[in-house]
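**Student:** Got a structure here, written out as structure tokens. Questions coming.
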Amino acid sequence: IVFTAIMLIATLPILTGGLLMLVLDLHLNTQFYDASFNGDPVLYQHLFWFFGHPEVYIIILPAFGVISQTLSTSAGKLVFGGPSMILAMGCITVLGSLVWAHHMMTVGLETDTRAYFSAITMMIAIPTGTKIFNWLGTFMGNPFSTISLDIWYALSFIFLFTLGGTTGVVLGNTAMDVALHDTYYVIAHFHFVLSLG
């Protein structure tokens, strides 16, 4: 919850400012986003995605806590690698806030900018993989005499989230991101990570 609150506090003012500038453009004839008056329409995309991408992590981080608690309660012990789980959530918070422009690979970003966002996007897989490893370590370390519904839920979350995360690593590659931009692959990635997970 702390990491989620930090992300909300850091990103909501940016979205508010971007929407305020949009309203000013529409109603007071300012030219923040109007390219015909030296405005920058890509600026709106940057401001939107600076909030929009961390929002995905704002939604999923509490679910990570629910899965950890479910596995911990069912196993009757603490989650395997507890300190590394907290560190992983902190890393996801920081890295997830730095990769907004990987949604904008087709707007003409510089090559070095695309390389930066591609590398940071793929780096998110490291702390996420740590969480998956620790969840499976918690599950495998205990003989569950009967696998209850909550364990099936947690295992299905882990499986579907891993599948969605794998598709996300593919989208981290700039060339693949450009090729798959606005396709059902991106929609499938999003829904495997958030909806099905």
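From the backbone N, Cα and C atoms, a Cβ is placed for every residue, glycine too.
TrEMBL lists 1-197 with the feature domain 'Cytochrome oxidase subunit I profile'. The transmembrane segment annotation in TrEMBL covers 6-26, 47-67, 79-103, 115-136, 151-171.
Can you tell me where each of these features sits in the structure?
**Tutor:** Sequence-distant contacts of the transmembrane segment (6-26), counting only residues of its own chain at least 6 positions beyond either end whose CB sits under 8 Å from a CB of the stretch, comprise 32-34, 39, 44, 47-48, 50-52, 54-55, 57-58, 61, 93, 96-97.
For the transmembrane segment (115-136), the list of distant contacts is 64, 67-68, 71, 79-81, 84-85, 87-89, 91-92, 95-96, 98-99, 101-102, 105, 109, 154, 158, 161-162, 165, 168-169, 171-174, 177: same-chain residues at least six beyond its ends, Cβ to Cβ under 8 Å.
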